[in-house]
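Engineer: One structure, as structure tokens, below. Some questions next.
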Amino acid sequence: MLPLLRCVPRVLGSAVPSLRAAAPASPFRQLLTPGPRLCARPFGLLSVRAGSERRPGLLRPRGPCACGCGCGLLHTEGDKAFVDFLNDEIKEERKIQKHKTLPKMSGGWELELNGTEAKLMRKVAGEKITVTFNINNSIPPTFDGEEEPTQGQKVEEQEPELTSTPNFVVEVIKNDDGKKALVLDCHYPEDEVGQEDEAESDIFSIREVSFQSSGESEWKDTNYTLNTDSLDWALYDHLMDFLADRGVDNTFADELVELSTALEHQEYISFLEDLKSFVKSQ
């Protein structure tokens, strides 16, 4: 069974997008940040009325601390239970971890990591191709209740495997014109990921195309951006062939999902370890 901490908050997080404030986003870098989340506990629990009996160890330790170790810091029985839970969670996540090291991409791609952002780079016949993606918010939400488990059937067999399908940006720079980059913003349509019925079907799509200055760290919204929703299909097919000729095809997209999923799981385990260290720190 997938650990409770990993699946439940992500499901709850997907249920409150309407509460998030709308903010302008770059048309290419779909590297989203998490929105605000609702507090699951009433604020009344965080205060104590005058004259009421104080719950030991809820907010303040009695004396130097609740456990009597004399450190003078707040750490309650709830913190201890939290740390024990995180220990079990980390063990379970390591048990189901498929890749102890990140899988390599075929085709001579070089990987460069910067936290949750990853860059894949290669050079082909005088051209530099860079693919950038971010694992944050890259796991599609899962919803319960689609199918009830039959009698005697284990629940964990019906829980879907978490797969990271990040948006990614392809940047192509030609050496004879190194100041200009062709930028293609791509994503994985939800109805295409994991489908193997149609061998010729593309598992990723191009959403937007533009030219940007290769020396700029941030791309400009003032540059003309071509949205593929209203694009002639012949032109769209040529753009997809353009990417395939440079190694960005279905095979690449499959391997990118595998790499991103392994990286996301690795970062998730690191987050749990940091959270455990923070809660138990004195």
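Cβ coordinates come from backbone N, Cα and C, glycine included.
Found this in Swiss-Prot, in case it helps:
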| type | residues | note |
| --- | --- | --- |
| TRANSIT | 1-70 | transit peptide |
| REGION | 76-93 | region 'C1q binding' |
| MOD_RES | K91 | N6-acetyllysine |
| REGION | 137-163 | region 'Disordered' |
| REGION | 168-213 | region 'Interaction with MAVS' |
| MOD_RES | Y188 | phosphotyrosine |
| MOD_RES | S201 | phosphoserine |
| MOD_RES | S205 | phosphoserine |
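For each feature listed, report its degree of burial, its nearest neighbours and the pertinent distances within the displayed model.
Structural biologist: There are 10 other CB atoms within 10 A of the CB of K91 (N6-acetyllysine), with all protein chains counted.
The Cβ of Y188 (phosphotyrosine) lies under 8 Å from the Cβ of T165, P166, N167, I203, F204, S205, A253, V257, each of these being in the same chain and 6 or more residues away along the sequence. DSSP classifies Y188 (phosphotyrosine) as coil under the three-state reduction.
S201 (phosphoserine) has a Cβ environment of 10 other Cβ atoms inside 10 Å.
Taking all protein chains in view, 14 other C-beta atoms sit within 10 angstroms of the C-beta of S205 (phosphoserine).
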Engineer: Could you give the Cα-Cα distance between K91 (N6-acetyllysine) and S201 (phosphoserine), in whole Å?
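Structural biologist: A Cα-Cα distance of 39 Å.
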